[in-house]
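Trainee: Questions regarding the structure given below will be posed in turn.
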Amino acid sequence: MGAFLAKRLAQAVVVAFGALTLVFVIVRAVPGDPAKLIVGPDASAGQLESVRSDFGLDDPLWRQYVDHLGGIVRGDLGDSWRLGGSALTNTLERFPATLTLALAALVLTVAIGIPLGMLCARRPGKVLDLVVSTGSLAGQAIPSFWLGIVLILLFARHLDWLPATVDGSPAAVLLPALTLSLPFIGWLARLVRSSALEEGAKDYARTARAKGVPEGTIQYVHVGRNIAIPVVTVLGLLMGNFIANAVIIEVVFSWPGIGSLMVDAITNRDYAVVEAAILTITLSYIVLNLFVDVVYFVIDPRLTPEDA
Amino acid sequence: MPVPDMGGEQRAMPVPDMSGEQRAMPSTAGDGARTTGAERSPAARLRGVHIGFGGRGDELPVVRGVDLDLVPGRVTALVGESGSGKSLTALALMGLLPAGARVGAGSVEIDGRDTAGFTDAQWRRLRGTKVAMVFQDPMAALNPSFTVGWQIAETLRRRRGTGRRAAREQTVELMRTVGIPDAEHKYREYPHEFSGGMRQRAVIAMALTLDPAVLLADEPTTALDVTVQAQILRLLAARQADTGMAMLLVSHDLGVVARVAQDVAVMYAGRIVETGALDDVYTSPAHPYTRGLLDAVPDPARPGRLVPIDGQPPAPGHRPAGCAFAPRCPYATETCRTDDPPLVPLAASRPGPATGQHSVACHHSDRVLARATGTEVPS
């Protein structure tokens, strides 16, 4: 298990390095001069020059890149020129809000998606099954910012059931979480459905029927544990997805998370914050994947760490 | 979930809600081929059972009119090639036909009740107590994600409402009974940690948990090493003898059948073509297909004499008009290609104790029998 984890960690470092390089290049390839944004449109050439040298913007790119990597190793991602203070601290302060939102979305997806998929598997080809498979396509085709606005209009304005923005109540998380999860509920339901159908056709399910075990127990217990691996895999991916997708949703709902922070930072060429935010999201992806790998061993008795 | 009528005496208990569904028992005299010599009524009975796929089970008929009695204390073998319908026949007795397959005509009676129109819940109550099944491939039949002990104990816990500890103790005891050594320890192991023979013992233990009246064993040794096949057969025979249950042994292997069964029914292309006491059928086969099967078994006493049956059995939906075996049969005449022979008792046969008389579905059984005794060779 130790060797397996070490191997996965080494892979994670490579992935993180790649992500950082990509972000470094893309952020600087985007048109726009950060120095102008910092000092404002009326700044003199001299002021611009001094800001550029303060932030290292006039160094050659390779130099900036090496400094940047060196900083990351020391845990220093530079300062945010807009917010003041360390970019990383600013980012990490906002991270719990994003995590809360993503977790709420995950809980909604699981609580609705899994039973829905099991119901579809019970009667494949019947009405519910068709509704879910069509609905999941529609759900994935709808852009999430539009869905968010529709949900606000419906639940916050017309029905006045739920708060549209952060108002301090725990219910405030419901609308953004629903917006995040809705496209994936049908998707998860379809995955659960097809896995459950495949596993339910296996001999061991027939053995359970031969013992007189009720169909629901066969689905949730006998088949359930065998489809746990594919389901846990996608749940790990989904959680990562939710953290990343939160970028748009947080703006729509003024959710004070890492996503809205990042969008602000991008518009203002606050490179350090953009990079800190993307690094945080990347690392959470990696940690989630690592977590999923470990969960496999808990779920599947046939796996030994050598299988990794 | 405790089920009220699961006591140890379940076989003798009256079933309260059967009166409305109970059919008139077919009289043995009117039943043509069969007379039941046994005192005890069969624990399961098939009459004219058709099983097929599509529509009402009639679009692709696989099993066509099977009669079978499973009598307490007797082992009946159902023999035939793969695709002959023998496994479907066994699954029909469990109410576990695969998706799309159904019993089109005829009756499947278990414990005196016609199961036509049974709900899932009604079938569930029969499974494990009235009929239980041992499957062909024990690795596939066991759930890879649960310990073997849990899977056996589950039956007790869900069906009898046995408590966790009591179920565990009974399971360990049961595992010992089927010859699993170190059962305490093996209880906690997963199927992949068991050997093939041990897995099949576990599957047998699972089937025997609720002391079933009928045990269906579908090719129970086919997936096993030759060396453990004999052990598993001995175990099945011993458990059957101890409990006095009825047993249906589905097999393509005449050697396996000869070790365990007292009665045999030979299936070809969805019909029973010959049936009777094992000794009668093996010593004087009256159907050319049975004859062929026996000739195809290696006989150490006569090395080199191994006669295959030419050709392939017809696929369901492509069966000829007359006798399904006619295209492969050395005895076939014009009649065989037009008229499907009914299963009729042989004139000279003596009634067997359970399945009744030695019966055969062949227009030329006289010639086959004559050849068996060496007086005539087919032209």
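A Cβ is built for glycine as well, from the same backbone N, Cα and C atoms used for every other residue.
In TrEMBL, annotation is done automatically, which means it is predicted and not curated.
When I checked TrEMBL for this same protein, it listed these features:
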DOMAIN    A:95-292  domain 'ABC transmembrane type-1'
TRANSMEM  A:12-30  transmembrane segment
TRANSMEM  A:95-118  transmembrane segment
TRANSMEM  A:130-156  transmembrane segment
TRANSMEM  A:168-189  transmembrane segment
TRANSMEM  A:227-256  transmembrane segment
TRANSMEM  A:276-299  transmembrane segment
Trainee: To the transmembrane segment (A:276-299), which of A:12-30, A:95-118, A:130-156, A:227-256 is linked by the most Cβ pairs under 8 Å?
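Mentor: Per the Cβ count, the answer is A:227-256.
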Trainee: Test of understanding: applying the rule of at least three C-beta pairs under 8 Å (pairs 6 or more apart in sequence), is the transmembrane segment (A:12-30) touching the transmembrane segment (A:130-156)?
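Mentor: No, since the transmembrane segment (A:130-156) and the transmembrane segment (A:12-30) share fewer than 3 Cβ pairs closer than 8 Å, they do not count as touching.
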Trainee: State the non-local partners of the transmembrane segment (A:12-30) in its own chain: residues 6+ outside its ends, Cβ under 8 Å from one of its Cβ atoms.
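Mentor: 61, 64-65, 68-69, 72, 269, 271, 274-275, 278-279, 282-283, 286, 289-290.
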